[in-house]
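*Asks:* Pasting a structure here, questions to come.
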Amino acid sequence: MKSKDERMKMTSEVLRNMRILKLQSWEMKFLSRILDLRKIETGWLRKYAYASSAVMVVFSGARIFVSLATFGSCILLGIPLESGKVLSALATFEILQEPIYSLPDTISMFVQTKVSLDRISTFLSQDDLQPDVIEKLPTGSSSAAIEITDGNFSWDVSSPQPTLKDINLRVLHGMRIAICGTVGSGKSTLLSCILGEVPKISGTVRLCGRKAYVAQSPWIQNGMIEDNILFGKEMEKTRYNMVLEACSLKKDLEILAFGDQTVIGERGINLSGGQKQRIQIARALYQEADIYLFDDPFSAVDAHTGTHLFNECVLGLLESKTVIFVTHQVEFLPAADLIVVMKDGSIAQVGKYKDISKSVATLVGESSSNLNATTTFNVTDSPNEQDYKKDDTAETNGQLVQEEERERGRVGLSIYWKYLTTAYGGLLVPFILLAQVLFQLLSIGGDYWIAWATPVSTDTAPIVQSFTLIIVYSALSIASSICILARVLLLVEAGYKTANTFFNRMHLCLFRAPMSFFDSTPSGRILNRASADQSAVDLSIPSLIGQSAFAVMYLLGTIVLMSQVAWQVFLIFIPVTTICIWLQQYYIPSARELTRLFGVCKAPVIQHFSETLSGLSTIRSFEQEDRFCQTSMKLIDDHSRPMFHAAAAMEWLRIRLDTLSLVTFALSLVFLISLPEGKINPSIAGLAVTYGLSLNAIQAMVVWNLSLMENKMISVERILQYTAIPSEPPLLVQSNRPESRWPTNGEVSIHNLQVRYAPQMPLVLQGLTCTFFGGKKTGIVGRTGSGKSTLIQTLFRIVDPTGGQILIDNVDISTIGLHDLRSRLSIIPQDPTMFEGTIRSNMDPLEEYTDEQIWEALDKCHLGDEVRKKADKLESAVAENGENWSVGQRQLVCHGRVLLKKSKILVLDEATSSVDTATDNLIQQALRLHFSDSTVITVAHRITSVLDSNMVLLLDQGLMKEYDNPKKLVEDKSSAFAKLVAEYSMRSTK
């Protein structure tokens, strides 16, 4: 279980970050990591399977061994064997066979239950959030909305050094507080302290009023936009419209075919970063809280939208509320009543803007020089809002995320055939069946031999000598045991090979699937197949095949034996068999669909649980824990309901089969007794009756195992669905491999580029034509959703164009392999990503660089000193999703990666949105220094990031609105770019 947990944890992390893996061309490396974890898991599975097989051999042959020991002891001790005693003993052993045969599975279930209970117990024993971290005061009972006195806080309570130390802060009702500081200074942690998310070492935290929180990394639920905004509250149309207007969402919703009823994909996958942030802000505004905490939400939107949000939300709707906002944008600071400057985990300075503006400039960066750079263009015209009102969000004819499809009707024979022929082309199947048939023949043969050879009474002379009797019986018993051993070993090998083949095929298809598949498929569905369905293929199905073969052969053997005594018994078995088949056919369709429903209903449980874990801070800040628990319980009920009904249906079948079997046995017994004396051998008749005693159990076992096997084969069906996912273009095109040094110039030529995300959707890029000159810097700007990210995705072939082409150094990128393309480009994505592991594994996932090169890159991205402070240096642990590093630090790690790679073409997609201005300036200097001869394409919301570019491309609704040198554009006061710069400049000088 532990090895499976590690694999599933890795799989979950990979699915969350699949876009990054594809952009960086790392997917095959991470696939190999999952396959390595699978090897460890299958090592344990194989040991478990062989151990279970050994137990199964012992218990399957238990009746034979006990019979052999019993009869052998009688002969050795001189106790005469009579057919009556022998048959009584065999009948007893026969009745005990079923429970004994089931004992290994029962023991295994108990062991697994114990392990599961221990894991749950360990989880429940972990420390909860301290209930006394925050002292909540009744609304209106204090003049201070927030008060922290002598606060010391630490994410790791065992650490001698607190994360935040000596925090003293008093915020009155209605105040606007700005928090600023360098990357890793403790800004976000301070907000988390106010939320009660950070363990408190000492001090007091008092909170007076209801709170609402907007996280730095957007947390969006998989569901409708309306539900994300309402977040459990009742609809108040007036306030709802007011919030939409304040958050600039109305235009976005008008373009969407379903408006606010549009279903958002997992983690808001079908929304831009700015749209996700605006929905987050709308969710907070709609709550009508007293205290609002904003963790730098304005950095993810363009200049115009950022100004609108700040004016309409912070200065407008929240004018009378207590607002605390973290920001790296110095232009927002003058609007604050109080500015808190963080440094090295403590409050360095508190004061009004006019009193500490010089200190702020020193602590958070060279913003004044940047602002001067924008104002020297002498642009004073007010921005024309009409130029930036529309969003190009694609209209769809259907929701992105659809309800999970499930097969209907019988599991096709092709599914069984694929399963049986996957391992060694099905060569082992005949040998498995032969071993089972021989086992049954030898087992019945042994019983037949001893029943035939023993006299009816002591007065009758034995047919054979006792020594011959026991030798033949021993030979038949040992031979049958060898057959069952061979069957078990062959079945384990075939099951192991099949499970691994299915696992490898499914995961290869998943990793080669296009991003559109992951955009429209919640990770819960994929994890369900990689977990529950794979477990069924690993363990349940091989076991069920063995049990089914055993039950069918045993039933056939019993019928043949009874018919050998008197063929007239078939007159009873023919109608009974017909009724059994009718009952099975009546039962299986319901059980099969219930099992499919069970599988489909599990994905939402996993999805909701995963989603809840990632949004715990937001959920707790809005005090929505009860609602999420209720939703979770409802989903679990929905998941359990089909299995409850499946169990009830099985009991329905079991009662009828038991009744039918008892009637059959009674009729057969009456028939045998009524035959004339001397018509049949009494010993053989007794043996037939002995086998008939277990007839009801065997009939039920056959139907049960065949039905359960069909239900479990649905897992194979679901896995095979994911082995047929359409693939991306090939990673390598051997006939068209670019030169090893390609690209040498880095010139990107775009010709009449047209892009749409699906055939039924409108064009997102509508005939774009331009050239990004080699070795030059090009900035790309435009309103949120104008097509900036789509252009970048097309450059990396995450999306293939509908028309037109992109040439890099005169090579059409659509003609080369994806690996050859993506591995030659570098990108710093908008959402900084770190993976669980170490600093070294995050800086160099492909293990291509030396420690010296990694340290050099860390120093260049200004993380070297921070890493040197860690005890383990490059081996310092990185938690899942990089949670133990700030968002800004994660972004610096992303910069370190590209500094290591040194590609000829570098793409910056909002690459400094989460860092302070000082760090932004240092990063820009490093990029200018180390990528001076590279083509740098910058998508930015900070206008200062593109002002020193050689060219600026302004996109609007998928069209090129302007493309020229930024200085020329700014000098032309009528240009849209000039108006954007003017707005940023005016906002900065307020």
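Think of each number as a place in line: the chain as shown, counted from 1.
Including glycine, each Cβ sits where the backbone N, Cα and C put it.
Sharing the record's features from TrEMBL:
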DOMAIN    1-112  domain 'ABC transmembrane type-1'
DOMAIN    146-369  domain 'ABC transporter'
COMPBIAS  374-385  compositional bias 'Polar residues'
REGION    374-398  region 'Disordered'
TRANSMEM  416-443  transmembrane segment
DOMAIN    431-711  domain 'ABC transmembrane type-1'
TRANSMEM  463-490  transmembrane segment
TRANSMEM  539-561  transmembrane segment
TRANSMEM  567-588  transmembrane segment
TRANSMEM  659-676  transmembrane segment
TRANSMEM  688-708  transmembrane segment
DOMAIN    750-982  domain 'ABC transporter'
*Asks:* For the transmembrane segment (416-443), give me same-chain residues lying six or more residues beyond its boundaries with a C-beta closer than 8 angstroms to one of its C-beta atoms, as numbers and ranges.
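*Replies:* For the transmembrane segment (416-443), the list is 64, 476-477, 479-480, 483-484, 486-487, 490-491, 493-495, 497-498, 501-502, 541, 545, 549-550, 553-554, 556-557, 713, 716, 720.
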*Asks:* Restricting to the same chain and to residues at least six past its boundaries, which positions have a Cβ under 8 Å from a Cβ of the transmembrane segment (539-561)?
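*Replies:* Contacts with the transmembrane segment (539-561): 45, 48-49, 52, 56, 60, 101, 105, 419, 432-433, 436-437, 439-441, 443-444, 448, 487-488, 491-492, 494-495, 498-499, 569, 573, 687-688, 691-692, 694-695, 698-699, 701-702, 705-706, 708-709, 712-713, 715-716.
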*Asks:* Can you name the far-off residues of the same chain, 6+ from the ends of the transmembrane segment (463-490), with a Cβ under 8 Å from a Cβ of it?
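*Replies:* Non-local partners: 53, 56-57, 60-61, 64-65, 67-68, 71-72, 75, 81, 428, 431-432, 435-436, 438-439, 442-443, 445-446, 449-450, 452-455, 546, 549.
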*Asks:* With DSSP as the reference, give the number of residues of the domain 'ABC transmembrane type-1' (1-112) in helix, strand and coil.
*Replies:* 102 helix, 0 strand, 10 coil
*Asks:* Report the mean pLDDT of the predicted model across the domain 'ABC transporter' (146-369), rounded to a whole number.
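*Replies:* Mean per-residue confidence for the domain 'ABC transporter' (146-369): 83 out of 100.
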